[in-house]
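Engineer: Here it is, the structure in full.
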C-alpha cells in the first residue's frame, strides 16, 4: 500500500525517460496528448511524493471527518435559519436544490482538476465550501441563505469527489477499496457526536445559536484541508520544476513575447477556445441542465397538487429527457474532448455499475430507510433518540463492513464475487424486514435486518466504486467516479419519489380504512397522515386508534419493502456480468500506465508536443 518512492528509480528517471522517448516517440506523444495536464501532474505527484503522500492521506482523513460532521449537522442549521426567516415552507425547495447540486456539481470540479491539477481543484472546492459557510452564517434572509447553500453544496460535493480522486491517484487497485473504507471511518464518531452538537447549537425548540455551526466550519474546514493542499502543491511544484509534469495548459509564460497587439488578442481567443474544448463546456452545460430538470421533477412531484400529472413536472421531465438524448449525441459525435466518453457506455463495469447496480440499489435503500424512523416510533413507542440510532444503524454498519470488504478485496485481489455477495445479503436483509416489520417482533428481530442491510451495503458501496475505477484509464477516473455517484443520487431520488407516491396513495387509504371504524375523526386521520409524530402520542400503545395506526403503517411499509426487494434483484444479475479484474500494484487494470512508485517520465512542454504532432 505504501507509495514511497525508490531513490534509485528517481535517480535513473531522466535516463529512462530519454530512452523511452527515443524508442517510442509516437506512442508516448499520443498518450501525453490523450492525458490532460492535471492528470499527468497527478501521476508525477504519486511517484515522487515520498513522505508527503502520508501527510496527504492524514489530511484526507481529517477532511472526511469534518465533511461527515458537516453532513450530519448542517441540515439542522439551515432548517433553523429557514424558521428564523419565517420561510420554513420553502425549506423543502432549499433541500431539493441542495440535492440536485450535490449530484451534478461533481463533474465541473473533477474536470477542472483533470486540466489544471489536483491542488487547484481542491483549492477551488475549498473556496466554494468556505464561502458557502460564511454566507449561510451571515445571512439575514431566505434569499441570502439559498445563495449560501448553493456555494456550500458545490464546495461539499467538490471536496468529496477530490478526496475520492486523490485516493484513486495514489492508492493501488489492490488497496483502493480498503482506503475508501478507511476515510469513511469518521462516521462512527460522528454517529454519536453530531446529535449532541445539534442539540446544543440548534435544538428544535429554540435554535438561537445556529449561526455558530456554519461559522465554526468556515474556520475548521480550511485547517483540515491545509495538509492535503500543501502536500499537493509542494509536490506539483517539484514535479514541474524537474520537468516531470507539463506546464500550465494555457497562457504559458513567454507565449506572447514578440507578438503584435493583434496577434496577442488572437492568441488569447485561441487559448480560450482551447480551454472551452478541453473543459467540454457545452457538454457540461447540457449535462447539468438535463439532470437538474430530471432530478427536480422527481423530487418535486410529491409536493405538486397533481403529482406526476402536474404540467410543470411533465415539462421538466420532457425537456430534461430530451436534453439527455442531445447530450448523448453531442458527446458521442461532436465533442472534441467529451466529458461523458462513448467508452463509458461500452464499458460494462461502468454502465452496469451506474445504471443497474448504483441506481437500483440506492432506490431500494431509500424505500427501506426513509420510513424506518417514524415506523419504529409508532410501532414500539421508542423515543426520538432511540429511533435515530435505529435508523442510523444501517449507515454505521455500512462503514464497518465497508472496511472489511476493502480488506478482503486486498487479500484476495478480487472484487466481483464479493460485490455479488453484498448484493445477495442486501436482498436477504430486505426479505427479513418484510417478515419482521410488525408489532409482534422483538427488538433483535427488528434491528438485525438493519445490520444485514449495512453488511450488504458496505460490500456494495466500496466494491462498486473500485470496479468502475479500475476498468478505465487514469485520465477518466475522476469523471467515471462522478458519473457512478451521479446515478446513485438519481437512484436515491427515484426511491424517494416512489415512496412519496406510496404515501399519497397507500398510506392515506390505509389510515382511512383502519382509523375510521375505531372512532378517529377526519381531522385526526388527516393529522396522522401529515404529521404522525404529533398525533400518535395522543393514542397510547394498546388503544384501538394506536393499533389501527400501527396496522396502516405496517401495510404501507410492507408494500414499500416488496418494491425494494424487486429492485434489489437487479443488482445481483448486473454484478454477475461484471469483469472480475485482478487487483494489483497498478493505478488501473486496463492500461500499461506506469504503476505507482515507478520511475517518472520527463514531460515535454506544450510547444514540444505540438511540434511533434505536426511532424
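Backbone N, Cα and C atoms are what each Cβ position is placed from, and that goes for glycine too.
What TrEMBL says about a protein is an automatic prediction, not a curated fact.
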Engineer: Looking at 1-34, 35-68, which one does TrEMBL call region 'Disordered'?
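Structural biologist: Comparing 1-34, 35-68 with TrEMBL, region 'Disordered' matches 1-34.
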Engineer: Pick from 257-278, 389-410, 455-476: which range does TrEMBL record as transmembrane segment?
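Structural biologist: Residues 389-410 are the ones TrEMBL records as transmembrane segment.
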Engineer: According to TrEMBL, which listed range is transmembrane segment: 150-169, 350-369?
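Structural biologist: From TrEMBL, the annotated transmembrane segment range turns out to be 350-369.
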Engineer: In TrEMBL, which of 237-256, 417-436 is labelled transmembrane segment?
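Structural biologist: Residues 417-436 are the ones TrEMBL records as transmembrane segment.
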Engineer: Between 566-590, 591-615, which stretch does TrEMBL give the note region 'Disordered'?
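Structural biologist: Per TrEMBL, the stretch marked region 'Disordered' is 591-615.
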Engineer: Should anything in the same chain at least six residues away from the transmembrane segment (281-304) have a Cβ under 8 Å from its Cβ atoms, list it; otherwise answer none.
Structural biologist: 92, 96, 99-100, 103-104, 107-108, 111, 310, 312-313, 316-317, 319-321, 323-324, 326-327, 330-331, 335, 338-340, 486, 489-490, 493-494, 496-497, 500-501, 503-504
Engineer: Residue list, the transmembrane segment (389-410) vs rest of chain: Cβ under 8 Å, 6 or more residues beyond ends.
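Structural biologist: For the transmembrane segment (389-410), the sequence-distant neighbours (Cβ-Cβ under 8 Å, at least 6 residues beyond its ends) are 1, 174-182, 184-185, 187-188, 191, 369, 372-373, 376, 382, 418, 422, 446-447, 450-451, 453-455, 457-459, 461-463, 466, 583.
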Engineer: Near the transmembrane segment (175-194), which same-chain residues lie under 8 Å Cβ to Cβ, leaving out any that are not at least 6 residues past its ends?
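Structural biologist: Answer is 1, 57, 60-61, 64-65, 68-69, 72-73, 163-164, 167-168, 392, 395-396, 398-400, 402-407, 409-410, 415, 458, 462-463, 465-466, 469-470, 583.
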Engineer: Please identify the stretch among 51-68, 88-109, 556-578 with the greatest number of Cβ pairs below 8 Å relative to the transmembrane segment (214-234).
Structural biologist: 51-68
Engineer: Going through 121-139, 477-502, 556-578 one by one, which has the most CB pairs that fall under 8 Å from the transmembrane segment (417-436)?
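Structural biologist: It is 556-578, which has the most Cβ pairs under 8 Å.
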Engineer: Per the definition of 3+ C-beta pairs under 8 A with sequence separation of 6 or more, do the transmembrane segment (350-369) and the transmembrane segment (88-109) touch?
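Structural biologist: Contact criterion not met.
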